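Chemist: Below are the structure tokens for one structure; questions will follow.
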Amino acid sequence: MEGRLLAGRYQIHHILGTGGMATVYKAYDKIQDRTVAIKIMNQRLIYDHEYVRRFVWEAQATGRLSHPNIVNLYDAGQEGPLYYMVMEYVEGQALRQLIQSKKRLSAKEAMQIAIQICSGLQHAHNHGIIHRDIKPHNIMCSPGGRYKVADFGIARLLRNTNNLTKTGTIMGSIHYFSPEQARGHVIGFPSDLYSLGIVMYEMVTGKVPFHAEEDIAIVLKHIQTPVPDPRKINPDIPAEFTQVLRKSMEKDPKKRFQTAEEMKKALQSALHATSKEKNPTSRRSESLTKTRSNSKAYSISNADRSRSNPQAPAQAQQRTKLELRRKRTGEAPKKKWIYLIGAIAIVILFGILLQSCLNSNNQESNHSIEQTKRTLVR
């Protein structure tokens, strides 16, 4: 296949990846002058009508969508026995590879990625399309940090959402199944959000929540077993993000987020709350910075006062220090009352002394008058 010119315009280069249903090649579109990714259905399946139907459906479903957080479809067709889809080429890596290389992601990075995926899912859901296979392998990351949902191979319209094929095979990836997928029930938009919750769990812990040797055991755990606390694996996960994780992975789809937009807003709120949290050292540093800033502003104020009265800089400085001390300790209001009480006491004391003097003078005057009368009588 490598080196072949497909449909007279797509020069196939080399394999990017392989799957059970198709192989993806890197190619060059001669007409549009751009690099593309071409998904070609595996030759051994071209006579299986179920797989052909699914392949054609993926092309139809993806062709309805155009969003920055979805790998866009450019073209689709058939050439001889080859069924193919021409898609946007994302020059980056899958989220699966990112998790493997980092072991685990920070809660902040996981929330930022999940917010983007919610945007892509909401666009698909707005068109009535449920992905049904959200997992790290189907999330692509571009070098600029944009994440895109890929591979709508088993997507379904909302009106046709039974998770079984005509042959009774359950579709999806068991580690990322929703409980309703595991039961083979009709599914809705919350099913994709459960799967995204599993992806978020894996991003911050480095592992999926449910493991078992047998696939059926994993399926039963999705149905029956509570999701393990991710903080036992990674204690650094913020409580706000943990709440979003728990709600997204509720067993009952009615208890989950009902739309990707609702989940996106919860993630944005958790991210905002997490970014506002500061450790004690940061708070002490901020307090010290404010104190220094106030001291600096006060020093500038003193300098301005000194310049306005250059004849008495020392007095201005002493007066300013006194005012500052009074403002800090409340000394000025206390002394004001003391002075007032003292003044009242002095006035009262002066009145008493004055009255005493007047009484004494009156007694002496009366005594003198009596003596004068006696002298005149004699």
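Cβ coordinates come from backbone N, Cα and C, glycine included.
Those TrEMBL annotations? Automatic predictions, nothing curated.
Below are the features I grabbed from TrEMBL:
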BINDING   LYS39  ATP binding site
COMPBIAS  249-265  compositional bias 'Basic and acidic residues'
COMPBIAS  274-289  compositional bias 'Basic and acidic residues'
COMPBIAS  290-319  compositional bias 'Polar residues'
DOMAIN    10-271  domain 'Protein kinase'
REGION    249-328  region 'Disordered'
TRANSMEM  337-354  transmembrane segment
Chemist: For the compositional bias 'Basic and acidic residues' (249-265), find every same-chain residue at least 6 residues outside the stretch whose CB is under 8 Å from a CB in it, and list them.
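Modeler: Those are 114-115, 118-119, 121-122, 125, 178-180, 187-194, 196-198, 201, 209, 223, 227, in sequence order.
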Chemist: Under 8 Å between C-beta atoms and at least six apart in sequence, can you list the same-chain neighbours of the residue listed as 'ATP binding site', or say none if there are none?
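Modeler: In sequence order, ALA22, THR23, VAL24, TYR25, TYR84, MET85, MET87 meet the Cβ cut-off.
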Chemist: Kindly assign the residue listed as 'ATP binding site' to one of the three DSSP-derived states: helix, strand or coil.
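Modeler: In three-state terms, the residue listed as 'ATP binding site' counts as strand.
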Chemist: Which residue counts does DSSP yield for the compositional bias 'Basic and acidic residues' (249-265) in the helix, strand and coil classes, in that order?
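Modeler: Secondary-structure composition of the compositional bias 'Basic and acidic residues' (249-265): 9 helix, 0 strand, 8 coil.
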